[in-house]
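S.K.: Could you have a look at this structure, given as structure tokens, before my questions?
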């Protein structure tokens, strides 16, 4: 519309000099922060380059230090697992205890220095260390401490033939867990700007320590699952496989006799929570390491609030799925290994239930992607170490189950004989691949969406206030009172209200594409997928692993090669479900 004396300027158009002189607030003087140190001047740029060189060097040195410690720890674990000469469990526990003590010293120093400088204003990363994430790690930490108590009880029962490190390690681990949770609650959001070289080494040491504790827990839990699998495999008729139990049971009697078997069984049921705790702590500390010396260039993150009343339909359906999955797991664990017929029936039951669940999850993920694509919000491309790590972990850990699934598909194609129950594994493996592919797309696209724009009535009030020369308080008033104020201002300048009414309002969308409907659909999809991922985390975490019990892959690939593949890929597959659930919770709170 051509501009005239009574025509208001568009909100996005810059005001002319005459407009600034005639109405509105006076021009603000240019900020000295914007005029001083212009990026075009070479001196500040050269100084910034010189300052970044030692920090980049410190980052490289600390990462190499962490990699070397991690590789050494993995070799220690491997030597103990294969019963290498001269490497016992006592040596492994001494190594892990020394790493934890060194991290404890660094955390105490950091907490003490932060307390001494508590009056200083420190930059924070609003995207790191979300409150729900810290709450989750606190829950897993409590179970980890309980696990340590049971390990102390196990040590007391076998104290006659166990080394003292068997009792020192769980006590040290419990103290390490409590202090680390306190540290993460208070400092997970820190952006360290002092002692940066020392802090980089301290944080990366903490990351590696938690990763090695995670690998130790995974190894102990996998050895237990493998022993149970070897005992059950004979019931499916695979007697040609040599069964050699990898037994680390102490060679002495337990006092009292009934204590140790019960404690040992409870320990292995608590290991999944300990495994999740260690990997969550590693990821939070890694984000802290990436934030050392970082300049915050992204806008402040809006506070995400969880409201239980939203997404009730998806929550009800997801809770039904969770209850059904727990029932299937209970039936599976009761019947597997009892007889050949019962084992085959348990496998068929698991495959049918999992195939149905994965189909529902894939359909929900496609619906969520379609609704996201209907939204016109732009993607947030700002630098964010926490968000980048989440996306990398989703894709990286999904490769574990993809490896197992492709192995199962290849075994079905190459096998000479295929029992009837193994055919159910084919659609299950294909759906595992497709569902994780779809879910990753939905999560990554959702977390990269910018915050919801202002509602139309609030945006209209701001435009009216600017056109009429009013104050910004109109924008924060309620819709009714703001509308009345807009009408009064519109009477002073009629053109403003007319423009907003005629050209400022976008065309009406179909009802299915309105903003409130979109958000409702996305909330239900997010909460349903959240509960479904919890449901799929439960079976492998608590011993329901058809990858072991199917038997066909072990015939095609060989027993030891397939067991190695499963033991390497299964921890990543289990972690994927918990990490995907955490990401979906963030998506739900963000919508």
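Cβ coordinates are placed from backbone N, Cα and C, and glycine is handled just like the others.
If you look up TrEMBL, you'll see 1-17, 472-496 marked as compositional bias 'Low complexity'. Under the heading region 'Disordered', TrEMBL lists 1-48, 471-514. Among the features that TrEMBL reports, transmembrane segment is placed at 65-86, 92-111, 132-156, 168-185, 312-334, 346-371, 391-415, 521-539, 559-576.
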S.K.: Where else in the chain does the transmembrane segment (346-371) make close Cβ contacts, counting only residues six or more beyond its ends and a cut-off under 8 Å?
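M.R.: Same-chain contacts beyond the flanks: 321, 324-325, 328, 331-332, 335-336, 421, 424-425, 427-428, 431-432, 434-435, 438-439, 441-442, 445-446, 518, 521-522, 525-526, 528-529, 532, 535-536, 539, 544, 546, 549-550.
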S.K.: For the transmembrane segment (391-415), I need the partner stretch with the highest count of C-beta pairs below 8 angstroms, choosing only from 132-156, 168-185, 559-576.
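M.R.: Answer, by Cβ pair count: 559-576.
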S.K.: Determine whether the transmembrane segment (168-185) and the transmembrane segment (65-86) share at least three Cβ pairs under 8 Å, counting only pairs 6 or more apart in sequence.
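M.R.: Not in contact, no.
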S.K.: Report, as numbers and ranges, every residue of the chain located at least six residues beyond the transmembrane segment (65-86) whose Cβ falls under 8 Å of a Cβ in that stretch; write 'none' if there are none.
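M.R.: Long-range Cβ neighbours of the transmembrane segment (65-86): 92, 95-96, 99, 201, 204-205, 207-208, 211-212, 215-216, 219, 223.
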